[in-house]
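Inspection log for the structure reproduced underneath, given as C-alpha cells.
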C-alpha cells in the first residue's frame, strides 16, 4: 500500500486544484483547466528518459460552455470524493466511481458513462501530477500474471506474503496486483522477461516448461496491458536489469501492444516515464516470419490496413525496423496469430521459433 | 349547326338569314350582367352580400379620400323578413342631385376608367352592380340619401336600373331636411339595399372589414350585423394621415402597345416624332427623345459601316480628292485635298456620312480662306473620291473586327474567309454601306454558311459575336427621322418606333399617380388589427407594367396571439382586400414558391404555404391592377408584378429572419444561462466545501461566460462605486438608474440626480466599448439603501449584482 506521505501529497494536490478553481471564480474569471491534448499528434520523444511524452499542445476544459461547465462540476465532485477517500484511507475501482456518482445529490454531476469518469480521473492525474493509484483509484483486476523463477514479497491487505512465482503458484501463475509498487523483489533466477499477448500462447509456453528450461519470466499481457502489468515489467527491467522481449500476434493491434509496453500509450503518456520500458524488444510474430516460416494467415481487413497506415504515421513507430515491417505487411496483405506456429507442431514454438528468434536478437 | 344551316340554305335562298336577323339585337350591358352575376362576384346569396358591402365601402373610401376627409364609415346589415338590408353610410363630400341616379343606376358609369391614377374602383361597375343585384333578388329599389358639404338639405332617391337600356329608373326623388333624413353626418352618402342573402360568409365579411382596416389605417369603420352584441369597431391609427393625393399621369413609353401608339400618333398635334414623344409620354425629355430617335433611326435607316484609309501605297486619298475637284485654283484645291486626306487618314473609321460632313467642313473653311466656292457637285465628287478610297480595302478592316470577336480557336483561313465574304456583302449592298441589324445578321449568316465545312464550324455564338462587333463599329446615320404623319400611316414604321421606345432605357414612371400605404403605416395597420410579437414591412419602389406604374408592399406579423398553423395571407389591390379566389392569385403563387425555411418559417416539403403563427400581407397598388376577372378577386400572374411581390416579401421576410434568429439565439442564451446558473453555484459550493473557504461570488465569471454586461456595486464606507463591465463583443450603452434612499454627493459631471419623495434617482448612461469597464463613484452618508435599474440592454444580456 502507498505510504502516508503519498496520501497526504495526493490530498494536498487535489485541494490545491480546487483552490485554483475557487480563485478563478473569485477573480471573476471563467474557471478552466488546461490539459495536454491526448492525441497521436501531440506526443514527442523525450531524449532523456527515452520515452514518448505529451507535447506542448493543450486542450482547455472551461466553464465557458454548458458542456465544459458540467465537466468542471463533475471534477469538483470527484475531487471532493477523492479527498474524502484519501482521508478515510479507503480505495475504490474506476467502475465504482462511475456507479457511486449516481448517489450524488446533484444529477448534473453524475457521470453518463464510465469512459467519462475514467477520462476525468486521467485529467485529474495530469493536472495534479499524482497517479490514480495515489488517489486510491484502481481499475478492475486485469488478471495478468507472472510465471517464472522470481521470489517476491507483496503487501496485501491481510499482511505481507512472500511468494515464489514458480513454486508457490498454480498453473495460473502469480496474479499481478493493481499497485505493483507494493511488491518487493527478493530473489530471482531470471535470464530474461518474455511478455506474451495471448493466454493460449502463455499456456503453451508454461506447459512446455519454457520458463524452467530457459530461466524465463513469462508475463501474460492479456491483450492491451494494464498499467500494473506495464509498471511491473518496467520495474523488472530497471531494478533487476533484465532484458525484456514482447511476443504478440502479427497484426497492427498487436504492434500497438508492443508500442505501449515499450514506448508508452497515447492515453497515459503523462506516465510514460513510470510505465514504459523503452528497452523492450519485439520478438514477433513479425511480418517477415510469415514468409520465413510459411505460416497460415488471414487476409488483412480494411480496418487492419487503416491501422497499419496510421502506425506508419505514428511517431512511436518511426524507426527503420517498423517502417520496413509494416510496409512488408501491407505488401503481403496478410496477418498471422501466435498460435499459427502450431501448424508446425505443438513444440515448434518452444523448440524452434523462440530459440531461433531469441538467439538472433542476442537474448539467448 | 353547320349542317342544318347548309341544308336550310339549299332549300330557301337567303331567307333563313333574314329570319335569324329578326332575333338578333344589341344586348344592354345591364342585361348581360343580369345573366352573368358571377362575373361580378354575386354568384350566391352569401357571397353577394360580401360583394355588396365591398363595393359600397370601396366607393365610400374613394369618395371621402378624394375630398380630403378622413373616412368614417358604418356598415349595417339588418334582417328584414326573408331578406337582408345592407346600409352603408360615409362622411364623404356627397353626390350632386344630377349625378346620383347615374352613379348608382347605370353600369359602366364612372370617373376612373380613363384615368391613369390609382383608385379602388376602376370600371364603374361595382356599386351599380350591387344595386342591380338587390333589385333582381328583392324587387325593391335602392334607397340613396346624399348631402353635399355646402347643401342644407339632403337628396333622397329610390331607384332601379332599367336592364334593357342600362339607364336609372327613378321611383322616388325628394329633398329632405336634416331632421327627416336618415343620414347621420352633416355631409356624405347613405345607400340602403334590400337583397336575398345569408350570413354564411360571415367570416369573409369580417375578414374583408378587418383587412380593410389594416390597409386603411386612416379610416374608422363600424360593422353591425345580426348576432353581434355590439357593433365591431375598427379605430383609426392615431396620426395616420390620408393617403397622399394621386395625380393622373401620361402613359409611359415602355407600356404602350402598337394599337395604342397608332391611335396616339393619329390624335397628336405634334409634327415631329421628338415632339410627339415629349408631349404624349411621361418621363420623356429632349435627351430621352433623342435616344429613342437614334434607336428609331437604327431600325428605320440602318447604321452605316465606316472604314479606315488603307495603309498601302497605291491608295492616295489626297490625289484622288485633288483629281475630283476641278476649276478651283491649284492652291485651294491642294489645301482642300490635303485637309480632307489628313482628316480621313487620322481617323480609325469613317462612314459615308462622316465623309460628307468632313468634306462640308473643310470646303467651308477653304471657301473662307481662298474666297472661292465649293459647290454641291464639287463636294459630291470629293465625297465620292474619299469614299472610294476608304472602300478599297474592306477585307483588312473586317478581318480585324471578326478576329477580335471570335475565339482564338478559329484559324486564320476561316477568319479571312468570313472577312472576304462580308466585304462582298457590303460591296453588293447599299452604296453608303448602310444596313440594319437584321441585314448585318443576314450578311454574317450567309458569309458563315459559305465558310462552314466539315472541318470548320462557325456556330450561333460566334455569329452573334461578329454581328455584335460589326453593329458596334457601325454608326447611327444623321438622317431626319420620318414625321409623325408618316409614322402614323405606316404600321411597319410605327412598329419600329415602338421597338425603339421599348429598347431605350427610360426612367420609371412617376409615382405621384400612386399612393402606397408606406412601410410605416403597413406596420401600424398590422399592429392595430393583429396582436403579434413582431412586425415587419417593406415598400418597394415603383415599377412599370404595360405603361402602368405599380408599387408592391408587403408586411409580416409574427408570434403573439396569432394562431399557429398555415400562415394567413392577406391580399390587397389598391387598398382593397381580396377575399375570394385566393388560389388563383399571383400573390399566393409567389408566397408558395418562396423557400420560407430560409426565413425561419416551417414549410413542409420546402414549397407551398408556410406554417407558423404569422400573417403575410401583400399590397399591389397600380393605376391599373391586372385582375383575373371583373369580380376583382385575384391578381393575374404578370411576371413583372410577381417579381416585385417576391422582392417585397423577401425584404420583409429578411427582417423576420433576423428577428427569429435573434429570438432563437436569445432562447439559447437564456437556456445556457439557466443551466450555468444552476451548475456554477453548485460547483462553487463544492469548491468551498473542499477548500474550506466561504462560497465565492460567481457573478463575474457568469457574466463573462454569457458575454453579458455586468453591473456591480462596491460600497466602501461612504463611498459607493458602480462598476459596469461589458463582456459582449460590441459597444453597449446601458441606461442606469440608481435609486438611493439618502442624498448622494460628489457626483461627476454628466450624471443627473432627481429627488422624488426622499428617494434620489441617479441617471447614468455610460457608453462602454466591447470588453471595457466603466465606473461611477459617489458618496452617500451612512446606511443608505440602493436599488439599481438598467434599461437599454436585453435582460438576457444583463447580470446585475448591485
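Each Cβ is built from the backbone N, Cα and C atoms, and glycine gets one as well.
Marked as domain 'Histidine kinase/HSP90-like ATPase' by TrEMBL: B:44-165.
Residues or ranges marked as ATP binding site by TrEMBL: B:59, B:90, B:111, B:112, B:121, B:122, B:123, B:124, B:125, B:126, B:127, B:128, B:632.
The coiled coil annotation in TrEMBL covers B:642-669. Distant neighbours of the coiled coil (B:642-669): 534, 536-540, 543, 550-556, 558, 586-587, 589-591, 593-594, 596, 598-601, 614, 616, 618, 620, 706, 794, 796-797; these residues of the same chain sit at least 6 beyond its ends, with a Cβ under 8 Å from one of its Cβ atoms.
Over the domain 'Histidine kinase/HSP90-like ATPase' (B:44-165) the predicted model carries a mean pLDDT of 83. Secondary structure by DSSP for the domain 'Histidine kinase/HSP90-like ATPase' (B:44-165): 42 helix, 31 strand, 49 coil. Cβ neighbours within 10 Å of residue B:59 (ATP binding site), excluding its own Cβ and spanning all shown chains: 24.
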